[in-house]
Amino acid sequence: MIQVLLVTICLAAFPYQGSSIILESGNVNDYEIVYPRKVTALPKGAVQPKYEDAMQYELKVSGEPVVLHLEKNKQLFSKDYSETHYSPDGREITTYPLVEDHCYYHGRIENDADSTASISACNGLKGHFKLQGEMYLIEPLKLPDSEAHAVYKYENVEKEDEALKMCGVTQNWESYEPIKKASQLVVTAEHQKYNPFRFVELFLVVDKAMVTKNNGDLDKIKTRMYEIVNTVNEIYRYMYIHVALVGLEIWSNEDKITVKPEAGYTLNAFGEWRKTDLLTRKKHDNAQLLTAIDLDRVIGLAYVGSMCHPKRSTGIIQDYSEINLVVAVIMAHEMGHNLGINHDSGYCSCGDYACIMRPEISPEPSTFFSNCSYFECWDFIMNHNPECILNEPLGTDIISPPVCGNELLEVGEECDCGTPENCQNECCDAATCKLKSGSQCGHGDCCEQCKFSKSGTECRASMSECDPAEHCTGQSSECPADVFHKNGQPCLDNYGYCYNGNCPIMYHQCYDLFGADVYEAEDSCFERNQKGNYYGYCRKENGNKIPCAPEDVKCGRLYCKDNSPGQNNPCKMFYSNEDEHKGMVLPGTKCADGKVCSNGHCVDVATAY
């Protein structure tokens with residue numbers, strides 16, 4: 001049984017109206033002083049761990065008593081978590097620190113269903129909590145021989161720059177379905193019940209400007225990164241996504257790419273470095289670069305709908321604020337783009353709060369995604385199947401003994417539906433994480449009313465003629481593995497060949513880019529791909545655009561004939577500086593009889609597969 005530590009916070013209510021104090025978050029105009037005093041409930045003589053698995057803090061905020069419940073975030077670090085920095089002469093130094101007994105927690109306020117908390121308990125209490133809809137920050141005061149802490153509202157931190165700060169993503173990514181109206185985006189409990197968690201293994205990179213900004217203090221940088229990712233992890237839990245930090249690299253000697261204020265250039269360079277360098281050294285799903293330089297007119301930029309892509313599963317974030325919460329929200333926003341989420345429109349909502357995917361940072365940073373964001377994220381996951389986030393790190397990669405009640409199915413558990421108060425699974429005993437008597441299953445696509453679905457029940461629909469439907473076996477709650485027809489098998493009446501469960505043909509790609517009444521262009525249009533200019537090429541090698549050979553022209557930029565009303569464009573193409581790959585002919589597309597596109601070449605099907 002987990003021993004609970006009860007810590008009483010004695011609050012000297014000195015609100016200091018009209019005065020100010022300089023804290024880590026900046027200049028604060030209105031704050032309260034608290035003095036933490038631990039009152040332990042451990043038996044006399046018991047060995048107290050350095051950082052408990054669960055704690056409660058009792059404190060007063062604005063004169064009212066509150067109880068803060070905290071649980072250690074055991075999904076924060078991976079088992080093979082590594083840290084890399086560089087010696088003055090450029091040597092790579094990689095270590096694997098012991099992070100089992102860390103001091104980073106998530107939490108909530110008792111009797112406040114909408115409350116959240118993200119707290120570091122390493123040296124006092126530092127972080128944020130939301131109480132009755134308002135965001136509070138807490139941090140220890142740096143006074144000798146004192147346990148004093150400051151508690152203050154985010155709104156009372158002076159903002160140095162009141163100019164509107166924007167995300168650099170300007171073009172929406174189109175999913176397979178049009179965005180539904182807000183009234184159609186209700187996420188039901190039944191939908192949530194069968195949405196399995198996804199796991200993003202995150203790698204952070206810190207540039208030289210950040211090192212200079214922090215006077216070369218690498219430990220200070222590391223601590224800040226831990227606190228930021230702890231908050232990102234908290235934010236994504238409500239999207240049924242766990243974010244685990246698998247690595248941190250600090251460019252302590254020099255930048256490994258040229259970091260420029262032009263965000264598009266820097267993002268492209270970082271993506272290329274990740275693909276050619278970082279991925280060869282460390283397995284991960286997504287990489288984010290934090291920089292202390294001022295990006296031109298933006299505070300972040302990321303590729304959209306790119307999670308798991310070797311180059312484009314990346315984002316860049318400006319270290320815009322001293323408040324970790326603000327930077328964490330920016331990181332969650334840019335990673336949201338990687339997960340297929342666009343900026344929110346006017347009909348998107350997250351209750352009475354601002355939403356994370358607003359194009360600009362809100363006056364008070366939100367920790368909530370909108371209904372639109374939830375739909376777009378899971379639409380991307382279910383339709384595009386970014387496979388790298390399917391693997392569950394727990395048990396092998398994430399340091400975490402089984403914990404009943406954390407909503408993760410771990411070794412020795414038959415089910416895990418959360419705490420007894422929150423469990424909505426009628427098949428599962430929340431107190432023991434065992435199935436209730438008479439239940440065969442508690443989750444899975446082949447589990448209905450706690451029983452295995454009948455043999456032959458469809459559990460995964462066909463997405464194309466290259467992807468047959470899967471059916472339940474009657475012996476398991478899990479749907480059988482997703483099986484595709486063999487790559488290269490003819491499909492769509494020989495207009496295409498199967499490729500990873502799809503039947504890619506140029507007509508469909510033109511439709512996805514431009515809509516109805518748009519078709520594959522005449523062969524003469526594709527000859528433009530022999531130019532090797534900014535749009536007409538077949539592939540990139542070492543950053544250089546390689547012109548197509550005559551036999552490969554249909555494996556470069558896609559050209560479409562637009563017959564829609566008012567249009568007469570026989571060689572319409574799509575090009576964007578932010579995503580040069582979008583608008584290229586997709587891999588596996590038929591380019592001639594018996595031939596398909598592979599790495600910018602038109603090759604025999606037998607050679608490709």
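Note: Cβ is positioned from N, Cα and C throughout, glycine not excepted.
What Swiss-Prot says about this one:
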type     : residues                                       : note
BINDING  : Glu201, Asp285, Cys388, Asn391                 : Ca(2+) 1 binding site
DISULFID : Cys308-Cys388                                  : disulfide bond
BINDING  : His333, His337, His343                         : Zn(2+) binding site
BINDING  : Val403, Asn406, Leu408, Glu410, Glu413, Asp416 : Ca(2+) 2 binding site
DISULFID : Cys404-Cys433                                  : disulfide bond
DISULFID : Cys415-Cys428                                  : disulfide bond
DISULFID : Cys417-Cys423                                  : disulfide bond
DISULFID : Cys427-Cys450                                  : disulfide bond
DISULFID : Cys446-Cys472                                  : disulfide bond
DISULFID : Cys466-Cys498                                  : disulfide bond
BINDING  : Asp467, Pro468, Glu470, Asp482, Val483         : Ca(2+) 3 binding site
DISULFID : Cys491-Cys503                                  : disulfide bond
DISULFID : Cys510-Cys560                                  : disulfide bond
DISULFID : Cys525-Cys571                                  : disulfide bond
DISULFID : Cys538-Cys548                                  : disulfide bond
DISULFID : Cys591-Cys602                                  : disulfide bond
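According to its DSSP assignment, Glu201 (Ca(2+) 1 binding site) is in a strand. One residue stands out among the binding-site residues Asp416, Asp467, Glu470 for having the most other Cβ atoms within 10 Å of its Cβ: Asp416. According to DSSP, His337 (Zn(2+) binding site) sits within a helical segment. Secondary structure at Cys433 (disulfide bond), taken from DSSP and collapsed to helix, strand or coil, is coil.
The disulfide-bonded residues Cys433, Cys450, Cys503, Cys538 differ in how many other CB atoms lie within 10 Å of their CB, and the one with the most is Cys538.
Around the Cβ of Cys446 (disulfide bond), 25 further Cβ atoms fall within 10 Å across all displayed protein chains. When the recorded positions Cys427, Glu470, Cys538 are ranked by how far their Cα is from the Cα of Glu201 (Ca(2+) 1 binding site), Glu470 comes first. Rounded to a whole value, the Cα-Cα separation of Pro468 (Ca(2+) 3 binding site) and Cys498 (disulfide bond) is 12 Å.
Cys388 (Ca(2+) 1 binding site) carries a helical DSSP state (H, G or I). According to DSSP, Asp285 (Ca(2+) 1 binding site) sits in a coil region rather than a helix or strand. Counted over every protein chain shown, other Cβ atoms within 10 Å are most numerous around His333 among the binding-site residues His333, His337, His343.
Listed in sequence order, Glu551, Asp552, Lys554, Cys555, Cys591, Ala592, Lys595, Val596 are the same-chain residues six or more apart from Cys602 (disulfide bond) with CB atoms under 8 A from its CB. Here the Cβ of Cys548 (disulfide bond) has 25 other Cβ atoms within 10 Å, regardless of which shown protein chain they belong to. Between the listed disulfide-bonded residues, namely Cys466, Cys571, the fewest other CB atoms within 10 angstroms of a CB are found at Cys571. Counting only same-chain residues at least 6 apart in sequence, those with a Cβ under 8 Å from the Cβ of Asp285 (Ca(2+) 1 binding site) are Phe199, Val200, Glu201, Leu202, Met307, Cys308, Ser313, Cys388, Ile389.
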